[in-house]
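Step one of this worksheet: look at the structure below.
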Amino acid sequence: MNQDQLKKMVGDAARDEVLKLPAGQILGVGTGSTANCFIDALAPHKDHFAGTVSSSNATTERLLKHGFKVLDPNDVVSLPAYVDGADEIDPQGHMIKGGGGALTREKIIASMAQQFICICDSSKQVPVLGNFALPVEIIPLAKGVVTRELEKLGGKVTLRLAKSTRADLNQTPSEPFVTDNGGWILDIAGLQIADPLKIESQINQIAGVITVGLFAKEKANILLVSNAAGVDRIVL
């Protein structure tokens, strides 16, 4: 079974999970290829929900294409659930997220939700976070000072570069990747994150950091994880 099949399988399982919610709720929706599978699976049932709150411009575009109502987060007080993928997840439900660059908005929407439903395949499960590079969104003018502070953690820090042209942000390959918020991303490789809550707090206190892609405070409550045998539901 390939990665695309595993993503579709867990997307279908997430659809079934959120359809247990009472009708008329507002749903938080994440960003990335696995979240896209969830959106596509949920599309025939869009009328079950009063609306959605999106974590990125790309997700908003996909939701609108399917006919979902997308609401401004400032107009929503709370959400019953937020559904999103992860780049890594440990046994406690702490995650590394932000491989797609939407970490700040993802964390904002996750903080509004009563439960975080993480969807991924079993390759994302790790005993200790850090094999996947940890993203940190920053204000561009703070690149130097933040890099120096992050290097004290012991990993290798690199500036994320754009992979493709993005005209709306004047972004071309080999130039810094620009987030939906206009920030840059520093990726830290080679960390072993034994205390995610501590590292999350430490990095977030560095001047110039918008947020770090550690989801320790806003950890997953339910994990839907796909493998060759099916989808496991784990309460964290």
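Using the three backbone atoms N, Cα and C, a Cβ is placed for every residue, glycine included.
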Among Lys8, Lys65, Lys124, Lys143, which residue shares the substrate site with Thr31, Gly32, Ser33, Thr34, Asp84, Gly85, Ala86, Asp87, Lys97, Gly98, Gly99, Gly100 according to Swiss-Prot?
Lys124
Taking the Cβ of Lys124 (substrate binding site) as the reference point, list residues of the same chain whose Cβ is under 8 angstroms away and which are at least six residues distant in sequence.
Gly85, Ala86, Asp87, Glu88, Ile89, Val225
Using an 8 Å cut-off from the Cβ centroid of Thr31, Gly32, Ser33, Thr34, Asp84, Gly85, Ala86, Asp87, Lys97, Gly98, Gly99, Gly100, Lys124, can you name the remaining same-chain residues around the substrate site, in sequence order?
Gly30, Ala35, Cys120
List the Cα distance (Å, whole number) between Lys97 (substrate binding site) and Glu106 (active site, proton acceptor).
9
Name the residues of the same chain, 6+ apart in sequence, whose Cβ is under 8 Å from the Cβ of Ser33 (substrate binding site)?
Lys7, Gly85
